[in-house]
Every structure is written in structure tokens, then in C-alpha cells.
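Going by TrEMBL, these are the annotated features:
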- 8-89: domain 'PDZ' (DOMAIN)
- 122-202: domain 'PDZ' (DOMAIN)
- 230-310: domain 'PDZ' (DOMAIN)
- 365-445: domain 'PDZ' (DOMAIN)
- 465-523: region 'Disordered' (REGION)
- 478-503: compositional bias 'Basic and acidic residues' (COMPBIAS)
- 506-515: compositional bias 'Low complexity' (COMPBIAS)
């Protein structure tokens, strides 16, 4: 039976401040709804989403209470209030099934952290000169093919493949009924890259016990080297500063002609990004006019999920939708964005924990001097795609001492951003650097979290300027104002209703206005 695990969100406000949301009841909608979240307010930073339903206020079940009583409970809570929240789709499903949401068994542990069902994993491998670094074998008495002889530090290992993982799909094709030779041939046909769907022993056992099917629709994408980006924008006086186009011989809606210093540019939109969602709604099957209309419906704010060309190609190779990333981020219990980490209320734990959390969500500025043995690392890239990462860091070498680690993603080389550079271009910059080198890098987890939340990764996050002082064990505290400017001020897209260079006028609408037959209260 489906279980419903509310999230527990504790909000704290300063004197004269609100929690940053409206509590509403609406005609033809059940429950107490979260609406009109204030960008950068306590509620938005803590993870509340538009349409969420409040089930409990400071432990009191409120789903069946009158609106005025719920408002009073929140106000009487003072500066700190704990909310039990359920997302809109889960709430409606639970109501349709007659689930008793007041059942204490549905109450999660603090902050909604509960052991989730294990997921199969998607792993993307790009062949190196020494191959993929694994073998396939069958196991007597067991169905399927299994990973074996995974080379430590090799392509497969770095992509998340582990010994004894069972192979389910190759480039989106189910191989359950394929022979060993047929699977090997399928991998070879992929050329220099391949997408696997795999399950480890625990996950395999879980699904077998449940007699449930396993497919890419339920997989985690956290091991993939490229990810979609979530871009939040607030409209400026001249709109958002980009054109939305449909391109000849290509399917989808693309970002073009981004104005310099516009909200779109500041938020991280790039030319030829393909728009996957607008304000959480998938738009692949929408017409151009429908997408423009959805943007306008957002008033002066808009949230896109976008993919660049390389990411789009990788997801298509595995026959998977970028919505997997969206759903995983939406439901994730992973660390907050850098901006959220700075603004979260202090937890009732030793302050060192909060400090550690901030430090985990920082890039690293690593400076090193070449030795007779070189810098002591390899720069890897994905052939035909942009993006570089660090491998084979020599223990005790210059890179190791500077703080580089295997799988760190390279953002800048000597102050030049290389996220969109080819491998050859990045190598050439390093070669031109002489005997000293400065790299701005981030671990894969940090990079994914910051990018997903629209944070532009620069040395400013460390209080540094490019080509700044060498990384030390304790980097300076980042400048709060700079970070907030980079993550919150952005945005205000304006897209054209036509495919040519025509920008629509600004559209204004008050998302906080109460619809007929509804009641709202700012909290």
C-alpha cells in the first residue's frame, strides 16, 4: 500500500518579518494551501512549494479545521513554527484513496528524513583508450548479466558501476532476454559511449520481494556526469531578456538571443538551451504559443528546467527524460543549495554541523606549482562534449597537496571558465600556464546542488577573486551579499509569441490576489 510521508519544515522569522507565504483555502480545492511564496523568504528557502498542503502546525492536525483556526495556530506559534507539509499531488492522491492523514504512522522523522525505497541507477560511460574497465558475466542459477572485474579508477568505476551490479538496459533497450554475445554487440554498436541501467543486490532484492517491475522511470540520475539545470528568473523592466524559438529540424523550445546583463543571462540561461519545464510543468508536447502563455501566467517570475545540447544528447541516448532529474531534486533529502544553507534557521544541534554543511557546498580554489613529476593529476573529458573532471590524483603530488580530488569537476582554469570548453581547449589553457596553475573545482555533489539552484560558481563564493590566493585548509567565509545577489536578484524572462525576433510586452499579474470563493492570509 502507498504510504504518504509529510515533510517537517521548521520556520523561524525575525521581528517584523513574515514567514514568506500565504495560507489559503480555495473553491474546489481541499486543504490549507501554501501560495504566493516570497522569493528568498524563510518558507521558500526551507523548501515549501506552491500548492503544498499543511497537515499539522506545531503537532496539531489541522487538515479538517477552519481556515481561521489554522491561521490563529500559526500566529500563536510566535517566531518559530513547525509545519507538516504534503506536496499537492500526494495530498490529492491520498484524499482520493481515503487515506487517514492524521494517522501518526504517516508522520515522518524530523525534517522528513525517512528511508526511501532503493532505486536502480543510470550510469553513463565514455570509453577511454583502455576501454570501459569492466567485464560482463552470468551467474549460475540467476537470471541476467552482472558486472565483474570493474577496474578501480577506471571509466566504469568512476561512472558508478560496481561489481555484481545486474544489467537491465543498454542505451534504453531492455536486455532481459538477450544473450551475453548480443549484449556485448549492443554495447559495441553504441560507439564510444553507453548508458546502462543497473541495480545492486539490495535494490534487486527489494523489487523482487515486491514483485515490482524495474525500469528507468524509477532510476536515480545522480551518477550521470551531466545534469539539467533549474533556472529561476524574475522579470526586469525590459522583460527576461531572451527569445523563445522553435528551431528547424529540431524538436523542442529553445533559448536564443540572450541580452547581455539581462535577468536571463544572470540566471544562467545559455544560447540553445532546450526548455523542458516551465514552472514545474513539462512543455515538450506544447505548442510555442502554449509555452509563452505559461511563462506569462507566472507573472514576473518564472522557473525553467533546461538542458544544454550535450546533456540533451546524453539523456536521449538512454531514452530517458530530463524530468527524472526534476522529480529527484523535488523529492530529494539532499543538502540545500548554498543560499539555503546560509539562510536556514539554526538547528538545535552543535553549530559545527551547520558550518560543515556550508563548507560542503563550496567550490575549491586550488593553486599549485609544477614539480619535476608534473602537477600529478589527469584531466578527463567526455569526447564530443563540454565539461572536464579530475582523475588519477597522485598521492603527495602537487595537485593532492593543493586539495584536488578524483572526480572534482573543473569550473575555471587560471580564472577562465571552462564549463563550455572542449577537453582540448582546457588542456591548452593548462599548457600555457607555465609552471603554476590555479583551478576552481567542485565535487560532483556540490556542483550539482549549486547548479540546480541557479548559483553561478565563481571564486566569489569563497570571498576570492580569480587568480586569488592559494586554497588553504580553512577558506574565508563567503560574502553573503554577493551570494544572494547571484542567486536571488535574477530574472525576468520575456518570450515572444512568434518565432522571429519579436519580444512580447511585459505581462503583469498579481499571484497573491485572492480568487473568488477563496480566503488567504499572509504569514
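Residue numbering: from 1, along the chain as shown.
Heads up, the Cβ atoms here are built off N, Cα and C, so glycines get one too.
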Listed stretch, out of 122-202, 230-310, 365-445, that has the most CB pairs under 8 angstroms to the domain 'PDZ' (8-89) = 230-310
How many helix, strand and coil residues does the domain 'PDZ' (8-89) contain under DSSP?
-> 17 helix, 26 strand, 39 coil
When only pairs 6 or more apart in sequence are counted, do the domain 'PDZ' (230-310) and the domain 'PDZ' (122-202) reach 3 or more Cβ pairs under 8 Å?
-> no
When the domain 'PDZ' (122-202) is classified with DSSP, how many of its residues are helical, how many are strand and how many are coil?
-> 16 helix, 29 strand, 36 coil
Counted with DSSP (H/G/I as helix, E/B as strand, rest coil), the domain 'PDZ' (365-445) has 16 helix, 29 strand, 36 coil
Over the domain 'PDZ' (230-310), what is the model's mean pLDDT?
-> 91
Tally of residues which DSSP labels helix, strand or coil - the domain 'PDZ' (230-310) = 17 helix, 27 strand, 37 coil
